[in-house]
Amino acid sequence: MSQTTTNPHVAVLAFPFSTHAAPLLAVVRRLAAAAPHAVFSFFSTSQSNASIFHDSMHTMQCNIKSYDISDGVPEGYVFAGRPQEDIELFTRAAPESFRQGMVMAVAETGRPVSCLVADAFIWFAADMAAEMGLAWLPFWTAGPNSLSTHVYIDEIREKIGVSGIQGREDELLNFIPGMSKVRFRDLQEGIVFGNLNSLFSRMLHRMGQVLPKATAVFINSFEELDDSLTNDLKSKLKTYLNIGPFNLITPPPVVPNTTGCLQWLKERKPTSVVYISFGTVTTPPPAEVVALSEALEASRVPFIWSLRDKARVHLPEGFLEKTRGYGMVVPWAPQAEVLAHEAVGAFVTHCGWNSLWESVAGGVPLICRPFFGDQRLNGRMVEDVLEIGVRIEGGVFTKSGLMSCFDQILSQEKGKKLRENLRALRETADRAVGPKGSSTENFITLVDLVSKPKDV
């Protein structure tokens, strides 16, 4: 039976890999502030919780508490090095781990769980919510384009087949509303190519099938980004709530900058600097690190390159010395602040969803080199739909290809046009998160669903 309570207790089930848990916690913090009478129990692994709660504990609302659950790795287990091995171990143990965590939270708070909020990857939360008679509110951390491919996964497989796309890579996904410029090659692994039988692929397949059953799906985007996608997803899902972009609502906290990046930028001309970063997960293959280095050296564009220390071994001999006068290679950079600086004129990126919106916030055109997952879809959207950046020709870094991108964005009329499009997009996004904007109204709806549970 469904449950209504004046003392809401929201169980939040996180996916503790990549950058999934942090944006979910960001939403929970907003919800906790908007519904101070509710209690939010946040469940993730100890490693994940330590990384996302540590820096914000002094400002964390008192109605949020984290609970550590098992990572599913048996004691003494030796990893075999299989792709997504850690995800598989976690996923197998997760249903029972989350249940045990909720029992503990109920005992501590004295409140029964009244609502399940979960990362969409935790698809079995649908079954748990049904068993408990609760609303299930999955959070999609990426964009509406990738969400659509999962919701339509069975139709896509029926149309394209699952025996590979060789020779059909550039055919268009024009049978899915809002996806007419997407090519087969842009799809994520696990949709029609890759190991479709892996536990991770099967998990995402099942997720796409059950999302239409959710009480509401909420997402870090805004309705006006793509009317076609928005309207179609509204027709496929019970309730579809765009509540972002998050970085325009709650700017990331200012963190101490020990690398000197921001001071260095003060000495550079407007829109002259190339910023390079591929997120917290990805490093380009060694040959592409070399190609990027050669392009920077030959073009002599000022640059800041956020490169992990362990990847420095792939830099060409003498590169750091030769570029010292106009470039910085640092192990980490305050990305949002760097992209917001007027000196930055281009962003070489993997095209992750969060990085994309930090670039939009700063008005910086993107040079996209996608690697996996939704990144290819995002790159296509950046170049062909939104027209706020370019993709690397051929999909891999080459010296000549990069130099051409630098020239287009920093020196040619195209760069000016991209920046104009970015300004217009930023203005539209700002309206969405404004007092009467669509994202603001949708967030009010989400608060109502979370704090005043109704029939599921």
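Glycine too: its Cβ is placed from the backbone N, Cα and C atoms.
Lifted from Swiss-Prot, the feature list:
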- SER18, HIS20, GLN84, HIS150, GLN188: kaempferol binding site (BINDING)
- SER18, GLN84, HIS150, GLN188, GLY373: quercetin binding site (BINDING)
- THR19, THR141, THR280, SER306, TRP332, ALA333, HIS350, TRP353, ASN354, SER355, GLU358, ASP374, GLN375: UDP-alpha-D-glucose binding site (BINDING)
- THR19, THR280, SER306, TRP332, ALA333, HIS350, ASN354, SER355, GLU358: UDP binding site (BINDING)
- HIS20: active site, proton acceptor (ACT_SITE)
- ASP119: active site, charge relay (ACT_SITE)
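Within 10 Å of ASP119 (active site, charge relay), counting C-alpha to C-alpha distances, fall none of the binding-site residues HIS150, GLN188, TRP332, ALA333, HIS350. Close to GLN84 (kaempferol binding site) in the fold, though at least 6 residues off in sequence, lie SER198, LEU199, PHE200, each with a CB less than 8 Å from its CB. Of all the binding-site residues in the list THR19, THR280, HIS350, GLY373, GLN375, the shortest Cα-Cα distance to HIS150 (kaempferol binding site) is found for GLY373. Looking only at Cα atoms, THR280 (UDP-alpha-D-glucose binding site) sits nearest to SER18 among the binding-site residues SER18, HIS20, GLN188, SER306, ALA333. Taking the Cα of GLN188 (kaempferol binding site) as the reference point, the closest of the binding-site residues THR19, SER306, ALA333, HIS350, GLU358 is HIS350. Of all the binding-site residues listed (GLN188, THR280, SER306, ASN354, GLN375), THR280 has the fewest other CB atoms within 10 A of its CB. In this view, HIS20 (kaempferol binding site) is surrounded by 20 other Cβ atoms within 10 Å of its Cβ, with every protein chain counted. Nearest Cα neighbour of GLY373 (quercetin binding site) among the listed binding-site residues (THR19, TRP332, ALA333, HIS350, GLU358): HIS350. Annotated pair SER306 (UDP binding site) and HIS350 (UDP-alpha-D-glucose binding site), C-alpha to C-alpha distance, rounded: 12 Å. For the pair formed by HIS350 (UDP-alpha-D-glucose binding site) and HIS20 (kaempferol binding site), distance between Cα atoms is given as 16 Å, rounded to the nearest Å.
The Cβ of HIS150 (kaempferol binding site) has 21 neighbouring Cβ atoms from other residues within 10 Å, across all protein chains displayed. When secondary structure is read from DSSP and collapsed to three states, GLN375 (UDP-alpha-D-glucose binding site) falls in the helix class. With respect to their backbone Cα atoms, SER18 (kaempferol binding site) and TRP332 (UDP-alpha-D-glucose binding site) stand 17 Å from each other.
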